[in-house]
Amino acid sequence: MSEILLEMKGIVKEFSGIRVLKEVPFTLKNGTVHALMGENGAGKSTLMKILNGTYLKDQGEIYIKGESVDIKNTSAAKKYGIAMIHQELSPFLDLSVASNMFMGREFLKNGTNLIDENKMNSECIKIFEGMKIEIPPKAIMRDLSVAQMQLVEIAKAVSTDAEIIIMDEPTSAITEEEVGKLFKVIDDLRNEGKGIIYISHKMDEIYQIADEITVMRDGTYVGCDSTKNLTYDQLISMMVGRSLDQQFHKTFHKPGEVLIEVKNLTRKEEFRNISFEVRSGEILGIAGLMGAGRTEIVETIFGLRKKDEGEILIEGKAVTINCPKDAIEKGVAFVSEDRKSIGLNLIGSIKENITLANLRKYCSLGTFIHMKEERETSDEYIKKLAIKTESRNKLTGELSGGNQQKVVIARWLSTNPKVMILDEPTRGIDVGAKAEIYKLMDDFAAQGNCVIMVSSEMPEILGMSDRVIVIHDGKITGSFYAKEATQEKILTAASGI
Amino acid sequence: MKRKHNIGYYLIKYKVFLIFAVLFIVMAVTSDFFLTKANLFNMLRQLSINGLLAVGMTFVLITGGIDLSIGAVLTFSAMVGCSFIRNDSPYPVIVCILVTIAIGITIGFINGVVIAKGNVPAFIVTLGTQLMASGGALLFNNGSPIPGLKDSYNTIGAGNILGIPLPIIIFLVVLLVGVLILKRTRFGRYTYAVGGNNLAAEACGINAAVVKIKVYVIAGLCAAIAGIVLSSRVKTATPLAGDGYELDAIAAVVLGGTSLSGGVGSMWGTVVGVLIIGLLNNGMDLLNVQSYFQDIIQGLIIVLAVFIDVNTNKKQR
């Protein structure tokens, strides 16, 4: 029953003379979920973009059901039954679900150019029923959750008779409950005999859903095997080319004086009576489900949101923080959850991004920038944090996710903070860069500072925190020391049971 | 690690300058009069008005904004300012200059506050102030120009220093100050940061609203200076003097590689843009091109130049 649906052979791709894919093979059988793994920059996305017609391959062959095909563009890919669900969805937010579903292939009233809304809505319901999901076809896309948008996107792929469905990090922005629903849909698709290529950094998901795994590293094919034959450690060492004995670089530092204390912090509708303290040398983990109010809490501490009630004390003194500038002056730094929207200026250089929060320091009379000092500082941080770039003048938008995150961290380290707040510090970052960022956090705490880390990744919370607080529905529902914290306890507190 | 670049790289990077060079050579070959000192100075004197406006416009466009009011601000501020410097008025030149500049700064400030604090789109706000300033300029002297200005004032537009016309010197000084502010000061860096990513800039402790207000003040100030230079050169303040000048300024800035969506741009690029437009106007006059045709050709060249610019910058897939 299991026949080969797709075979890619010796795929080569070059960008301005640099070979980013070196004769990569890839084979997908029907009725399977095939995980494609590797660090960021390993070439997974490039390979998939060749498959869906976004890029043209320089060498190699692609066979679908044994027939050689030439995928010239994305519409050719669609014709061959290939659909890709991108990591960052780009639906038409103000149009209805049905309009999105049939975009570009609308039903028309007989003999006219007028759109047949009724037919589109009823066809939409039929497709959803087939997938056992419930989304009203007339709903406006903007009102859906990210997970629902994803399901619409998958339904669209299914309705175009796609046989090869590529999913790029589909769970990066949805809750665990929604992941369950998504996996059920994926499971049904597998049973119908479709081939699913699943890109993800999340190990537990891979073991839950994938039948086979192909690993890539630095643009080359490393290996392919069925999931049950690969242990976690084997998989990691295939991806990074070395075995990571300890992914989490965490050392214990004796807690010193209290650096930051939050008392009864409240923002009506978002969170209530949040109190905690963090001492020098400590890393405080803030766990909880998406939407529990964690980001809102740390953004309020940093002055991006205004508190309704409560107090913030830094090194024992009550401080007023009305805007980020106040927080920066008090020695608080904030690495945001979404580095693209409120972190980096992607069309600015690495240098400009590193010095932006502390530019006054490199200025005489508070006005004129000392170019040399600025260059030296940015070079120092590029070196210290091992940011991979040929020049400090490279645009941050051209860097990989891990290196972008390092630029943000470099910026905040350069302000000499006492308190570093990191919101989802390793989201969308590959294993190697993750380990480097953990080490940076640990080093920072070791120097007598403290870290507040918001994270949805359980291993990260357990591996890096000295203490963990858990937020559910805007309230603290659990507080643990590292040695007593377990996944079960945290999950129980996070779901508010 | 430094990469060596071949000639092709620089040709692509500075292609706007190449366009200018080509136009320059074409003119030098086709017209005997073009390369004379008198003509070159004349051309520079004429383009200094657009140059002054374009310096201010560069700041505005880098923040991702736009200022449609500067042509009208030029007119209105000069009309009011010149009413203080008629032959029979008792005030010294400096009063006229200060009044003109104060009006430019005030309108710029109003633009900036409504845009940054009131969250009204820049296009709408400056369209509104453009209409109000044009109306005000006509109303001020019942639609009539203000001629008969004092000689001491007219020297600004007609005088020379070391044989170089004063308008050119004023433009150069404003330009160099603009370069200094944009490239070397904290405010200049914040201008790019706000245009590149407003939210990220605010999260870095930058008061984005203040940065935006400042760029519109600069645009208003530049417009007022241009108003002084223009009215003193023609020895009259006329109520339609700056009509449509904002579009020439925007064209020059965009020709120079500044992005309309903000975050990208340079003052030197703007200079080349100003030179191209100035050269086109001067060249077509010399070649006796009918003025209706001049507009058509200028429009065509602006779109063509930006087309080339955008399409050679595209990343290869």
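Cβ coordinates are placed from backbone N, Cα and C, and glycine is handled just like the others.
Listed in TrEMBL for this protein:
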- B:12-31: transmembrane segment (TRANSMEM)
- B:51-79: transmembrane segment (TRANSMEM)
- B:91-114: transmembrane segment (TRANSMEM)
- B:120-140: transmembrane segment (TRANSMEM)
- B:161-182: transmembrane segment (TRANSMEM)
- B:213-230: transmembrane segment (TRANSMEM)
- B:250-280: transmembrane segment (TRANSMEM)
- Interface check, the transmembrane segment (B:91-114) with the transmembrane segment (B:161-182), three or more C-beta pairs under 8 A: no
- Item | Selection from B:12-31, B:51-79, B:120-140, B:250-280, the stretch that has most Cβ pairs under 8 A to the transmembrane segment (B:161-182) | B:51-79
- With the greatest number of Cβ pairs under 8 Å to the transmembrane segment (B:213-230), the stretch among B:12-31, B:51-79, B:120-140 is B:51-79
- Task: Could you pull out which residues elsewhere in the chain have a CB under 8 Å from any CB of the transmembrane segment (B:12-31), counting only those six or more residues past its ends?
- Result: 255-257, 269, 272-273, 275-276, 279-280, 282-283, 286-287, 305, 308-309, 312
